[in-house]
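Trainee: Structure provided below as C-alpha cells; questions to follow.
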Amino acid sequence: MTATAPKIDTSAAAPARGAAITPDLLTVPRKLSEEGGVNLVGLTRPQLTAALIEAGTPEKQAKMRTNQVWQWLYHWGVRDFDAMTNLAKPFRAMLAEQFRISLPEIVSRQISTDGTRKYLVRIAGGHEVETVYIPEEDRGTLCVSSQVGCTLTCSFCHTGTQKLVRNLTPGEIVGQVMLVRDDLGEWPVPGTPRDETRLLSNIVLMGMGEPLYNFDAVRDAMKIAMDGEGIALSRRRITLSTSGVVPAIAKTAEEIGCQLAVSFHATTDEVRDKLVPINKRWNIETLLAALKEYPRLSNSERITFEYVMLKDVNDSDEDAHRLVELIRGIPAKINLIPFNEWPDAPYRRSSNNRIRAFADILYKAGYASPIRTPRGEDIMAACGQLKSATERGRKTRAQIAAETSEGEGAQ
C-alpha cells in the first residue's frame, strides 16, 4: 500500500482578485490539526531510534525497527501505521498510540502556463510558506523554503520585504518534498516494477528564508532527503543557496556536503551593501575567502554564483570584468538571472541585449554563464518573487487562529 496525493477540493478554485488567471488554481479545505504523539516526520535516524526505545522498543530491536519505519515513511511514502505490513500488529498498535505522521498542509496549488507549480503550504501555528516545483526535460527541481519570512531585507527580493516570523522545523522542510511527491504521484508502489525516472530529481534551498540562519533544521532535513533507504537524493542534486553567512559555509561543507550557490549580485561592496545588506557584516573579500575553501571541504565540483541583472545598477561591462577578477581561482559558474519584477519593486530588469553582452564577457573569460529562463512569472513563482499569502493579505493573528481552530499542525 502506498500513500496517495490528498483529495483536492476544487469548489473554491477561484483566483484571488487581481491574480493572473492560470490553467490551475486549486485549494484544499482547511483541516483541524492532529494532536497527540511525537511526529516521526523530521526525526533523524538517531532521534527516531531514541524515540522508539523510549516508547518501549527493546534496544536490540531498535536499529531494525528504525530501518523498517524509515523505509515506510521515506521510501514508500506511507502515512498509516496499519499499512506497515512487515511490522507486528502489537508494534503497529504502539506506534499508532504514541506517534503520528504529520506533514504540512497544502492550502493551494497554482500551475503556470509553463508547467511550474507553486504551492502555498501551511505549517504549525497557521503560518504559510511557498514551495515551487519546476519541471524541465531532464530534471524536476523543487525550490524549498526554510523560514517564514526572512531577516535579510535584500532590496530586490520580494521575500525580503516580509519580516521573519520563525524558522521551519526539519519536518516542515522535508515535508515540502513529501507533499510535492504526493502531488506528483511519485511514491513507488510495493510489488510493481520501479521506475527510475524521477519527476522530482533535484532540491534547491532557494525559497523563503536564509537556510544558513536555520542551519540545524536544514541539515537534518537534507540528511533525511539524502538517505539511501528513503527519498535517496544524491548530495550533488541538492543545492543550498546563501546570501553569505560566512561562519556557516565551512560547516555546510562538513555537515551537509551539498552543492553551494551564493547570492552575489554585485561586484563592489558599495552596491552589494544596498542589494544584500548582510554584506555590511561579511563583505565581498571575506565571503570569497570562505568560498575558495568550499569545493575542497565538500568535494564539490564548483560553486554557483547567482547574479540578478538589474538595469543600470549592476549590469555594466565593467561589472562583468570585475566579476571575472573577483572569482578568479574559484571553480565556478555564474547564473545570470533576469530580474523578476513584483508589485512596487524598486528595480527594473536589464534588457536582453545587455544581459547577453554581460554573459559574453564571462564566457570569453572561461566561465559558464547560463541565462536563467524565468519560470512561473504569471503565478509570482519566479526567483525573488515568493512571499507568503499570509503576509500579502496581512492577516491578523486572530484570523490565523480562527482559520486553524487555534491548533498546531505538523511539527
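Quick reminder: no glycine exception, Cβ is built from N, Cα and C everywhere.
Nobody curates TrEMBL annotations by hand; they come from automatic prediction.
Annotations per TrEMBL:
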type	residues	note
ACT_SITE	E130	active site, proton acceptor
ACT_SITE	C383	active site, S-methylcysteine intermediate
BINDING	C150, C154, C157	[4Fe-4S] cluster binding site
BINDING	G209, E210, S241, S263, F264, H265, N340	S-adenosyl-L-methionine binding site
DOMAIN	136-378	domain 'Radical SAM core'
REGION	390-411	region 'Disordered'
Trainee: Work through the binding-site residues one by one (C150, S263, H265) and name whichever has its CA nearest to the CA of the residue listed as 'active site, proton acceptor'.
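Mentor: Nearest by Cα distance to the residue listed as 'active site, proton acceptor': C150.
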Trainee: Using a 10 Å radius around each Cβ and all protein chains in view, which of these recorded positions has the most neighbours: E130, E210?
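Mentor: Comparing the recorded positions E130, E210, the most crowded Cβ belongs to E210.
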Trainee: If you run the three-state DSSP split on S241 (S-adenosyl-L-methionine binding site), which class comes out?
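Mentor: DSSP assigns S241 (S-adenosyl-L-methionine binding site) to strand.
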Trainee: Over all shown protein chains, what is the count of other CB atoms within 10 A of the CB belonging to H265 (S-adenosyl-L-methionine binding site)?
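Mentor: Step by step: centre on the Cβ of H265 (S-adenosyl-L-methionine binding site), count other Cβ atoms within 10 Å, giving 25.
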Trainee: Give the distance between the Cα atoms of S241 (S-adenosyl-L-methionine binding site) and C150 ([4Fe-4S] cluster binding site), rounded to the nearest whole Å.
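Mentor: Answer for this pair: 14 Å between alpha carbons.
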Trainee: Three states by DSSP: which one describes N340 (S-adenosyl-L-methionine binding site)?
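Mentor: Reduced to three states, the DSSP call for N340 (S-adenosyl-L-methionine binding site) is coil.
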Trainee: Mean pLDDT over the domain 'Radical SAM core' (136-378): what is the value?
Mentor: 91
Trainee: Between the two most separated Cα atoms in G209, E210, S241, S263, F264, H265, N340, the residues recorded as binding S-adenosyl-L-methionine, what distance in Å do you get?
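Mentor: Site span for S-adenosyl-L-methionine, by Cα atoms: 19 Å.
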Trainee: Within 10 Å of each Cβ, count the other Cβ atoms and name the one among the binding-site residues S241, S263, N340 with the highest count.
Mentor: S263
Trainee: Look up C157 ([4Fe-4S] cluster binding site) in the DSSP assignment and report helix, strand or coil.
Mentor: coil
Trainee: Checking the contact step here: among the binding-site residues E210, S263, H265, N340, which have a Cα within 10 Å of the Cα of C157 ([4Fe-4S] cluster binding site)?
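Mentor: Of E210, S263, H265, N340, within range: N340.
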Trainee: Please work out the number of neighbouring Cβ atoms within 10 Å of the Cβ of F264 (S-adenosyl-L-methionine binding site), leaving out its own Cβ.
Mentor: 29
